[in-house]
Amino acid sequence: MSPQTETKASVGFKAGVKEYKLTYYTPEYEVKDTDILAAFRVTPQPGVPPEEAGAAVAAESSTGTWTTVWTDGLTSLDRYKGRCYDIEPVPGEEDQYICYVAYPLDLFEEGSVTNMFTSIVGNVFGFKALRALRLEDLRVPTAYIKTFQGPPHGIQVERDKLNKYGRPLLGCTIKPKLGLSAKNYGRAVYECLRGGLDFTKDDENVNSQPFMRWRDRFLFCAEAIFKSQAETGEIKGHYLNATAGTCEEMIKRAMCARELGVPIVMHDYLTGGFTANTSLAHYCRDNGLLLHIHRAMHAVIDRQKNHGMHFRVLAKALRMSGGDHIHAGTVVGKLEGERDITLGFVDLLRDDVIEKDRSRGIYFTQDWVSMPGVLPVASGGIHVWHMPALTEIFGDDSVLQFGGGTLGHPWGNAPGAVANRVALEACVQARNEGRDLAREGNEIIREASKWSPELAAACEVWKAIKFEFDAVDKLDKPAS
């Protein structure tokens, strides 16, 4: 060790344990445009002050450890440490706080969602001084955004590829999700597409099982796509799930899809992992494939209000990692999703600049600097009676996906697809004529059903189906 290094390392070093807040709680800090900002919902253990809890989060997710180490003297901690710069109590909750942490950009590898999450939500979530910890939102600086490719194509390029404008796209998940042979699966795809849907979909756990190997499924689905395209004159697609046990196998499946000439593949991005997802997104852009993203496993991470990570963070991460569609809840169906919260992260997926809006759960203004947008997919327990609400809530730039709401039609798959297409066209026309979908939705569907026996049959089957459960994850009540 040189004398110069020895002197620097030894000056001011005192072994032992010191409070995190002495180093990592800096309320005077002015955040920089290049900082990654995080909003954490922190529930400290009894007796732990909020300043110490917030500082502990900043420390353990950046440069800190449980004790003072002499190697701190070999670098500039002030340059690299995370800082808890603001703390606010959560209204209506005892001993719970929103702690804001700023991270210098040098802590993160360029173009790596994996590295970003490893730092920010790594070991800190198991920290004993905290009863619970949840990452509510991130502000990703434009300097870091620019190191990512983002979605393979984005909303406008997808519409141009499909030649479909002025309405939401329609999809359907093939059911039963497991157990069909490849040929019967392809037949179900064909019936749905010829009936008027734009897409059909592999379910998230359809990979390559003994009853249906992936290559057989790809071949029969490609045949269904081309046959339905020839009959309808519309471009069709099926989300071929390329998720696999290894990245190499995943890319091999995507290559097969490209060689078959189909327009879109699919990935389970949380179970598959961000490294695999980013690799697939790059392949899709280079080879002209659209990429549909399923969020299987998200509720393990995001459903509990006090611990984990909010889906808006996972949605931002997906836009950076890459995907052209992602499942985003329905508000009206069988899966979790409160309206204001859902619309908040739907805008984060689609828009270029999203302003801070705590009434929708958005903690920071986010500028995507022209990164392509992602189409939100509404899927799960929806049927024709939901069509007006879905059209009003999600607007044109969305995919409305009816699985049971297509395949459960009493006359079969194709009539089920016809019913959904007629309902959608009726809602879009009514909206364009200035009618109020929220108020007149049922009347609009009834009027359309007079001219479509398929829609009339669907209306009769699902007239009493509702999912009246309260959302678990709700916005905080404002302080009175």
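Placed from the backbone N, Cα and C atoms, the Cβ positions cover glycine too.
Record features, source Swiss-Prot:
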| type | residues | note |
| --- | --- | --- |
| MOD_RES | LYS14 | N6,N6,N6-trimethyllysine |
| ACT_SITE | LYS175 | active site, proton acceptor |
| BINDING | LYS201, ASP203, GLU204 | Mg(2+) binding site |
| ACT_SITE | HIS294 | active site, proton acceptor |
| SITE | LYS334 | site 'Transition state stabilizer' |
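Considering only the recorded positions LYS175, ASP203, GLU204, the residues lying within 10 A of HIS294 (active site, proton acceptor) on a C-alpha to C-alpha basis are ASP203, GLU204. Counting only same-chain residues six or more apart in sequence, the Cβ atoms lying under 8 angstroms from the Cβ of LYS175 (active site, proton acceptor) belong to ASP203, GLY403, GLY404, LEU407. In the structure as shown, the Cβ atom of GLU204 (Mg(2+) binding site) sits within 10 Å of 20 other Cβ atoms. If you draw a 10 Å sphere around the CB of ASP203 (Mg(2+) binding site), it holds 19 other CB atoms from the protein chains shown. Close to LYS201 (Mg(2+) binding site) in the fold, though at least 6 residues off in sequence, lie GLY171, CYS172, THR173, ILE174, HIS238, TYR239, MET266, HIS292, GLN401, GLY403, each with a CB less than 8 Å from its CB.
Using a 10 Å Cβ-Cβ cutoff, HIS294 (active site, proton acceptor) registers 28 neighbours. Secondary structure from DSSP puts LYS201 (Mg(2+) binding site) in a beta strand. Close to the recorded Mg(2+) site, the chain also has THR173, ILE174, LYS177, ASP202, ASN205, VAL206, TYR239, ASN241, MET266, HIS294: residues not among LYS201, ASP203, GLU204 whose Cβ is within 8 Å of the site's Cβ mean position.
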